[in-house]
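Residues or ranges marked as active site in TrEMBL: ASP340. Here TrEMBL flags GLN159, LYS175, GLU345, ASP359 as ATP binding site. Here TrEMBL flags ASP194, ASP359 as Mn(2+) binding site. Sequence annotations record features per position, and here TrEMBL assigns domain 'FAM20 C-terminal' to 240-448.
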Amino acid sequence: MFLGIFRVRRKKHLVVAGLLCIILFLLYEIQQLSYIDNQQRLDIPLHKEKYNVAESNAVKNNEQDVMQPILNELEKDNDNFNDNFDSIHPEDISWELIEKFKVDYDDHFQPIVSPWDVSKSWVNSREIFPDVVPELGMVLKSMANEPVIYADIAPRGTQLKLLLVLKGGQKVLFKPKWFERDQVIEGPPYAGQDRHNGEIAAFHLSRILGFRRTPLTVGRYLNLQTEVIPVASSRLLDTFFYKDNDTCFYGKCYYCKGKESGVCAQKTVLEGTIVLWISHKMQLYRHPWGRTYIDNKQAKWETDAKFCDKVLQTDMYKLGIRLLDIIDTSVFDYIIGNADRHHYETFHEFPDSMVIMLDNGKSFGNPYHDEYSILAPLYQCCKIRQSTYDQLKMLKNGILSKVLEAVLLFDPISPILNKFHLRSIDRRLHQLLTTIDNCVKEQGMPNVIISDEKLIPEKHVET
């Protein structure tokens, strides 16, 4: 009898054990399928994402390439970045930053003065808008919705854009959509037409990085037939044409060559970006680290590792603030992939004016290529502001892309960036911090990380 009971119990135990094994096996298979499905949904292979850290071919192929050792170090650091990033969990993301920087476009805030007067009151010598400002959503919403009362050809520039006047008398620039979000721009690091979505991402990125030196920018759908043509100047109207029932125009600019260079709406509606016009008079300067834009011809900084020493000998840069503004701009441009900063502007009336980060459309073109030469001011001078360095460190480990992604969701033409561009932002930030760490190892923290309080305003120097 006892033997029979023992056998029954043994069978039950075997059945239970068998069922547990089956359940564990099924759970494992489900987890694996879920993991593979998630990877496929992200369009990322199961091995580590491939990208290249490089200078443009003109620099990379030159025998006098002075930056190859640094590039080699960054390539070695590739695996370290991927390993660290894969360990990040959502709970590490700073939701406090998302709450700080997200914009409420539906805010019903009713100012005593117009939104245009509000935005003008923000501008000073060191920023275009404040760090935290509740009226920002109201101003951006007005830019995206206020009626157009006049439309004309933009007065200058190499790229096609419109000059619009919105109700209330505010001038804005309209940059049209040329590319879909997933299109990769091949060629030189400054190739292709402006990316309208890049302007939007750059604006919000400047807020998150603490620079606040870019004009206010927002997406907008513009009906060319009902909003533009009725109020257009005659010279703009002369450039309108129709193609396959779509309304098109080619405007006037350096690269505007007639109908073959025109942009077309989808029927009558054209997606684009509105950039707020800054009324202050500006002073234009040639960028010390500007490119030649000539095949097989390099600028001096591309072959001279000591180029920064020569820059520091000039009155404009030797006192501190202007040079660190240039370095801040290179940090910003590297993250967004903008290699087209050939000139820069400052406010004419302010001796201590910031370097204004205008024209950020040559950004977010290729998420798989990191143009390290953009960072030449940083790695040649080995200096950076304490405030910039602190902000970069706070945003590492995936936080920057998560905050930016959340903030961009609120724009009227969202989505703004795809997942590959968001990934590239974190990767480039990691490379930035590695570059700064290398400078600190070579020159010491006090010589590299410059306290904001120690900076001396530059004299106003005409060049």
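Backbone N, Cα and C atoms are what each Cβ position is placed from, and that goes for glycine too.
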Proximal but sequence-remote residues of the same chain as GLN159 (ATP binding site) (Cβ under 8 Å, at least 6 apart): LYS175, GLN193, ASP194, CYS253, TYR254, TYR255, GLY361
Assigned conformation of ASP359 (ATP binding site) - DSSP reduced to three states: coil
Recorded positions compared (ASP194, ASP340, GLU345, ASP359) - the one with the fewest other Cβ atoms within 10 Å: GLU345
Other CB atoms within 10 A, centred on LYS175 (ATP binding site): 27
Assigned conformation of GLU345 (ATP binding site) - DSSP reduced to three states: strand
Recorded ATP binding residues, GLN159, LYS175, GLU345, ASP359 - maximal Cα separation rounded to whole Å: 20
Arithmetic mean of per-residue pLDDT over the domain 'FAM20 C-terminal' (240-448): 96
For LYS175 (ATP binding site): DSSP state (helix, strand, coil): strand
